[in-house]
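A short write-up of the structure that comes next.
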Amino acid sequence: MTSAAHTGLFSKKMSPLYSFVLLSLIGAGFGSFNCLNPGYDCKNRGLCDYFGRCKCAQGFQGYDCGLDSSTISSSANCRAKCLNKGICHSNTVCYCTDDFIGAQCEIPVLSAKCGLDTMKVQGYQPLTFRGDMYLKQSMFGCQLREMVSDIPGMRLFELEIPHRAITPCALTKTQNNETGDTIYEVEIATAHNKGFFSMSDTVHTVKCVYESRRMGENPVDVTQAMNPFKVSLLNDNNEPAQQIQRGDPYFFNVETSGKFPDMKGTRLSYLEAYAVDQQTGMVKSIKLIENECPVRSTITGYGVSISNEEYSRAGFFIGRGKIESFNVIDQEPIRLDYRAKICTGQCRQAVCNSPSPVRIPPETPFKHLMAPVDIV
């Protein structure tokens, strides 16, 4: 039995998990830096060329020549977790590409947060930015509004757009004929001088993808009514997980939903992580738990810790998979597929990493045997 959860870019038979990026973000690389624009100067004696790219002086590198090459840290010395191709330097600091910000390069400069019936576009700009961000179809009617920024040294611009918005601020809605998924997208223009768009300004697309199990503009999650399991994804603080960093643990919990009142326990029997390469459409999957046991080849091959646990709460026994986060495909969100069993009480646990059990002759009498019931 699988669950269908609604967020951007989740497909069938999965529960949500994004490693290193926001749950609802998809879109092209932003590429926001152009040294021809005001306030985007090349650092450390770098020179701006005709195309708006910085030509760095010897000993410096990066899109703005802001990285001293001599300070780059080796993987053994680095104590920072630099994401999204960020470069560790001075052992504890991340130098980000031009389309990510944050202490660990974890925040995209331009992103879309996908709600049930809205798309919220967010864009960050440096304090020196003096232009406008807006939907491409209307410079003056569909501007992103400046909000209080949560990132020091950056300005934040936002616009929440209803799926049903009409011209001029309407989203483009399409249907994927192969998957049935619904896609909402919009082009965001960034003009660095108020009132006009120049050759050095940019237009980028952000989009939200809604899986086909979610019907209509205001979909209803059928899993609460039909699924014997309730599934949740938590971080190590037992909070709902929306963003997990590499190496950090997360917990995949499965418990009874109350559909079968006499069933008090659950246990994970199978858990698989997979990702889709958005450029090629290729799918790569990794088994995490199989036949209730952590898959040893995944543990050794990816250098992660995996366990299949169980704990009790108010007389119920909850299956709990604990995984150290890792990427299946770099820069792509992780998706999870699972199978679980449901039991009248605490589920009998499988013995992992042991010889096959001895077969008992079929004529042996069994009394009061209660085997778990698998529901898949």
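Using N, Cα and C of the backbone, Cβ positions are placed for all residues, glycine too.
Quick look at what TrEMBL annotates:
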- Cys78-Cys88: disulfide bond (DISULFID)
- Cys96-Cys105: disulfide bond (DISULFID)
- 74-106: domain 'EGF-like' (DOMAIN)
- 113-359: domain 'ZP' (DOMAIN)
- 1-31: signal peptide (SIGNAL)
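Positions of the features from TrEMBL, shown on the structure.
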residue	record	CB count, 10 Å
Cys78	disulfide bond	18
Cys88	disulfide bond	21
Cys96	disulfide bond	24
Cys105	disulfide bond	22
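Distance from the CA of Cys96 (disulfide bond) to the CA of Cys88 (disulfide bond) is 9 Å. Cys78 (disulfide bond) and Cys105 (disulfide bond) are 15 Å apart (CA-CA, integer value).
Looking at Cys78 (disulfide bond) and Cys96 (disulfide bond), their Cα atoms lie 15 Å from each other.
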